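I have placed the structure first, in the form of structure tokens, so that the comments after it can refer back to it.
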Amino acid sequence: MHSTGLRELNTRLIKYFFNITIRARIILIFGIFTLVLVAALARIAYVTGKDIYQAQLRDQVRQVCALLAADFKTDYFNYIQAATVSRAYRYIEKKLKKKQKEQELSNIFIFNSDYTRIYAAKAGIGTEQLKINRREIRSIQPGETAASLPFKGLDDRWYLWGFYRFNDDWYLGIRENARRLAKLDELTYTFLGIGFIGFVFVLLAAWLLSGALSRPIEKLVGFSKSIGQGQFYEQAPRDIHGELAVLAQALVRMQKSLHQKQKEKEEMLAQIAHEIRNPLGGIELLAGLLLEDNRLSEEQRSYIQKIQEEVQGLKTQITDYLQYSRPMPANPTEVNIADLLNEAEQTLRSSLQRKNIYLEKRINQSTLLFDRQHLLQIIVNLLSNSIDAVPEGGQIIIASEADGIYVQDNGRGIGIKNREDIFQPFFTTKKDGAGLGLAISRKLAEENDARLELVTDKAQRTIFKLQILT
């Protein structure tokens, strides 16, 4: 069970890593690598420095022990009696204090092999303390020295024991300060602090580097999406170099190729539409002539009228498609926005009144350089879609800004799945729609160096935006 859980966790982490953005991956890799490197270097520096210092300190303590032992006459040791102040005792005590002061030692003392007699320059050396180091003490041969590992005293300072063996019965001991170990600990924290600062700088560098790498890729992804959505007039991203520039050039070639094929297809379908519209005109004419016959029954008349309605619907769809495939060239003029919106409102007045819809006009930009007929058709189309989308008593907002015109309503919105397809020809969610309204509107926008797109606000409400590009 445990191994299965680890495998699942590992799989999830791998999936998460490959699902995040390239920028996040670069920052994550740099961050983890730097963190591990700083921690490893700090540990190596601390351990290496500590080992070197301990070796030097132990050698120094052993040398001091040997040097001090040369000044002591072991003959006096045999005359020292426990709990007795004799001349030998005074000699040893004076000698110990003098050496402790000269060498600036924490303490210096002599003791016998069973730790029953201990004479020190300063109080505080007990039998139990010596027994902790009995292995080092027992291993010393007469005339040899030994040193313990550093330890912390009751005052939370670092110390080191040093021992010298005079003979089978007597030893010399010193307790030396190991202040540099505390400095080494402080240096380790300093190194970690410097490492953390380095870690922050590496993360910053990774963020900048990842941005330099990911921004061109994000631009190319956006450019490829626009091609996929049929926006063949979209400009290729600039300031892209190296291998990504080759990819950008390939996308531009693909854009031109798809645009050419799209134009050829539209031209062919336009020819077909023309061929269909001509006989439809004849059918409509003949149906009108038949209706003039007074001998027809009401049932026959209803059949002929149905033919006329269907023919009229087909002609409308063909006209829409011809307008999509061959839009009239733009003739940009200074369009008065207020007048145009009033005209669009008048065109749709009956639909607005039927559903009791409130149309709010926010005119923050009074004029716009655009083909007036094209702009009117785009606005009417967008407002018609909003009228279909909002409920009874709904609201539609249309606003003119310096960069274009926005249309927003309080309808049910457009599903996420449909947002990328709504500008495609013949795509519709209506039962009676041809699916060309928004496609034609986008084409007309492109004819006027503008772009019609769907955006969302902070509340995730859909807004149609007619953006002027020049």
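Just so you know, glycine gets a Cβ as well, placed from its N, Cα and C.
TrEMBL annotations: computationally assigned, not manually curated.
Annotated range for coiled coil in TrEMBL, selecting from 251-278, 279-306, 391-418: 251-278. Below 8 angstroms of C-beta separation, residues 188, 191-192, 195-196, 198-199, 202-203, 205-207, 209-211, 213-214, 217 of the same chain, each at least six residues beyond the ends of the transmembrane segment (20-42), sit close to that stretch. In the domain 'HAMP' (211-263), helix, strand and coil residues by DSSP number 39 helix, 0 strand, 14 coil. Averaged across the domain 'Histidine kinase' (271-470), the predicted model reaches a pLDDT of 84.
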